[in-house]
Amino acid sequence: MPELPEVETVKRGLNRLAQGICVKDVTVTWPAIVQISDELTDFRQAMRGQTLQDVERRGKFLIFNWSDVIWVSHLRMEGKYLLPEHKEVVDKYTHVILELEDGRDLRYRDVRKFGRIKCYPKQQKEAAINALHLGPEPQEVTGEELFNAFQRTKRAIKPCLLDQHIIAGIGNIYADEILWESQIHPETLAANLSEAQCVQLAAAMATIIKRAIEKGGTTVRTYTNALGENGHYQDELKVYGREGLPCARCHNTIEKIKVAQRGTHFCPYCQRIGE
Ligand SMILES: [Zn+2]
């Protein structure tokens with residue numbers, strides 16, 4: 001599942017390759033992927049003639065700014081945007097096709113069909129983004145903000161980092177990496193973290209997310225980013241997917257446990273509860 005750095009990489013790719021594209025016609029083959037707000041009567045009608053101004057990102061969401069409408073798009077597990085020539089064959093996993101004036105298509109491909117594109121009139125942009133109730137971005141949040149948010153929960157730190165309302169954009173891979181970097185055990189109750197630990201956590205988030213964006217995100221298994229490019233942060237992972245291997249800091253063995261139903265990688269020596 002793409003997390004903030006992978007979605008940011010997609011955003012940058014779209015801004016490089018798709019800014020200014022103009023939509024000639026639209027085909028949707030799996031209607032559940034596209035949702036339109038009540039003010040719009042028809043997706044095809046709303047999209048014809050639209051020009052893409054740019055793409056922004058908030059948490060793991062892509063915000064497409066078209067001339068009169070916006071899209072709020074979530075890739076979920078395996079959603080991808082592609083920009084092939086119009087004449088290229090459309091495979092059975094491609095569910096939304098925008099035929100463009102320049103001879104290409106903007107295609108949305110999603111093997112598992114979990115992703116969503118929500119289309120709103122432009123005037124509703126702010127309301128649509130607010131309705132996502134996203135927490136701050138991990139590169140911007142302060143230790144004090146984290147400390148205050150954690151006082152309101154009885155949960156462990158790992159599920160708090162995955163909670164998009166507390167902090168937007170972190171998923172399973174970067175949560176494990178951030179906790180290792182901060183030397184915090186993933187089962188530590190978030191409310192028990194000191195202000196100093198929260199400051200350390202905020203710094204680790206900023207450093208890791210920035211570095212992962214520079215490396216184009218992480219490519220695990222067969223997931224390539226939405227424009228078919230591979231990221232390289234997997235070469236720098238310290239704990240994720242490294243159970244049984246030595247910790248880069250202390251050389252003890254990385255373990256994998258379940259925390260709040262999620263596979264969680266950590267170093268039992270560097271990351272201890274209550275220290
Ligand atoms: Zn260690």
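The backbone N, Cα and C atoms fix where each Cβ goes, and this holds for glycine too.
According to TrEMBL, the feature active site, schiff-base intermediate with DNA maps to P2. Residues or ranges marked as domain 'Formamidopyrimidine-DNA glycosylase catalytic' in TrEMBL: 2-115. Residues or ranges marked as active site, proton donor by TrEMBL: E3, K60, R262. The DNA binding site annotation in TrEMBL covers R112. The domain 'FPG-type' feature in TrEMBL is assigned to 238-272.
Feature map: TrEMBL annotations on the structure.
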residue : record                    : Cβ contacts under 8 Å, 6 or more apart
E3      : active site, proton donor : K60, G169, I170, G171, N172, I173, Y174, G217, T218
R112    : DNA binding site          : R76, M77, E78
R262    : active site, proton donor : K158, P159, L162, N172
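Sorted by the number of other CB atoms within 10 A, the active-site residues P2, K60 start with K60, the lowest. Ligand 1 lies under 6 Å from the Cβ of none of the active-site residues P2, E3, R262. The helix, strand and coil residue counts that DSSP assigns across the domain 'FPG-type' (238-272) are 0 helix, 12 strand, 23 coil.
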